[in-house]
Amino acid sequence: MKKRLENNEQIGGKMHKTISFIKTEYGVILPIILFVLLNMVFLGLDPYNISHFATAATTFVIFAVMLVCAFNVVKHADWLAEKFGEPYGTLILTLSVISIEVALIITMMLIGKGDPTLARDTMFAVIMIAVNGFAGLSLLTGGIKHNTQMYNTEGASIYISLLILLLTVCLILPNYTVATDAGTFNLSQSIVVIIVCVILYAVFLVKQTVTHKDYFQYKHDGDSDEEHHSPMGSVLYHVIMLLLGLVVMIALSKNLASFLEFSIQEAGLPSKLGGFIIALLVLTPEGVSAIQAAYKNQLQRSINLCMGSAVATICLTVPSVLVISLVLGQPLILGLNSTSIVIMVLTFLIALVTFTSRRTSVFNGMVLLSVFIVYFALIFDVAQPLSQL
């Protein structure tokens, strides 16, 4: 009888742990189930073989499940961020998010028609969403809650100067090279750009994590030195779950890419919207973390998250897509059109004014958000055929 009770207690304990694990990690369990269904059960589920409604519904489901998975990845990255502190925590978050973005871009480049402007549109969308959208919302939220907030201007100025240099070289300069078609680089130019991006990011990481860590830190009022621990797991547990989440998202990227590309084409929407949706998918969890940090009066962390994502996007995505383009012969257009260049210049003129003073307020957030709204509206600014005019 006693042994039976002990066995029942053991079974009950295991069931409790299993249920607790499912509740905690449903964000990675759901994507695994969806991947199995899409790639092993419903093998014939192709956007070209099903109704438009089914295609749209499947696209939405894949996007929603991947978004849940992205939040799960960020949850574990956040735990590691609190464990290791700034700026290492932000770096873990940023690299996790950017790896998903690069996988999605490369997948969409390789399937279907292989839109040569997808990488450019996605990178530009990341800049607009991170710098204008989520940074603007962070300043607005923090301003409403705390009136004015302070941060380290040295770190912010490094982010801004890097972004101005990288965006000019990678997304504007291609329009003015004459060795190849407008908006593109030739082989030697591509190699130089790859080397510049990698070296700049390596130097930036050393500066951020070794030589000038204090530039990316700020002791906010109410900050606590106490460590925060999640209900279950150790460092190894969170590292494993973070990596598993990344692998699952990358595995689902092919499914999302094929359905998303088809849905946008069938709906007659501009191709730029695909880049925006990818950027929104990978940045939303990190953006939510940035807004929450600003609400807690941790504006420095918000800036590190938003600006760090923008810098990492250019430094890591440009070399990746250039290598894919060179190796596989995929066409790649990096040069922005004139409208996007105007929006980008406006963004960084405002960013220079906003992030060169130690204090921010609601007004700074509203200005950045206004630029984001204008950018989003211009996504749909597509020339109409003469027959429709």
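Note: Cβ is positioned from N, Cα and C throughout, glycine not excepted.
Residues or ranges marked as domain 'Sodium/calcium exchanger membrane region' in TrEMBL: 58-209, 238-379. If you look up TrEMBL, you'll see 21-44, 50-71, 91-111, 123-144, 156-176, 188-206, 235-253, 273-295, 307-328, 334-355, 362-380 marked as transmembrane segment.
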| query | Are there at least 3 C-beta pairs under 8 angstroms linking the transmembrane segment (50-71) and the transmembrane segment (362-380), leaving out pairs fewer than 6 apart in sequence? | reply | no
| query | Restricting to the same chain and to residues at least six past its boundaries, which positions have a Cβ under 8 Å from a Cβ of the transmembrane segment (123-144)? | reply | 101, 163, 167, 170-171, 272, 275-276, 278-280, 282-283, 286-287, 290-291, 293-295, 297, 299, 302-303, 305-307, 309-310, 313-314, 317-318, 336, 340, 343-344, 347, 351, 354, 360-369, 371-372, 375-376
| Chain residues outside the transmembrane segment (21-44) and at least six past its termini with a C-beta under 8 angstroms from it | 61-62, 65-66, 68-69, 71-73, 75, 231-232, 241, 244-245, 248-249, 251-252, 255
| task | Could you tell me whether the transmembrane segment (188-206) and the transmembrane segment (334-355) are in contact, taking contact to mean 3+ Cβ pairs under 8 Å with a sequence separation of 6 or more? | result | no
| task | Determine which residues of the chain contact the transmembrane segment (273-295) at the Cβ level, with the cut-off under 8 Å and only residues 6 or more beyond its ends counted. | result | 63, 66-67, 70-71, 73-74, 78, 93-94, 97-98, 100-101, 104-105, 108, 115, 117-126, 129-130, 133-135, 137-139, 141-142, 145, 149, 260-261, 264, 301-302, 305-306, 309, 376, 379
| query | Taking DSSP states H, G and I as helix and E and B as strand, how many residues of the domain 'Sodium/calcium exchanger membrane region' (238-379) are helix, strand and coil? | reply | 119 helix, 2 strand, 21 coil
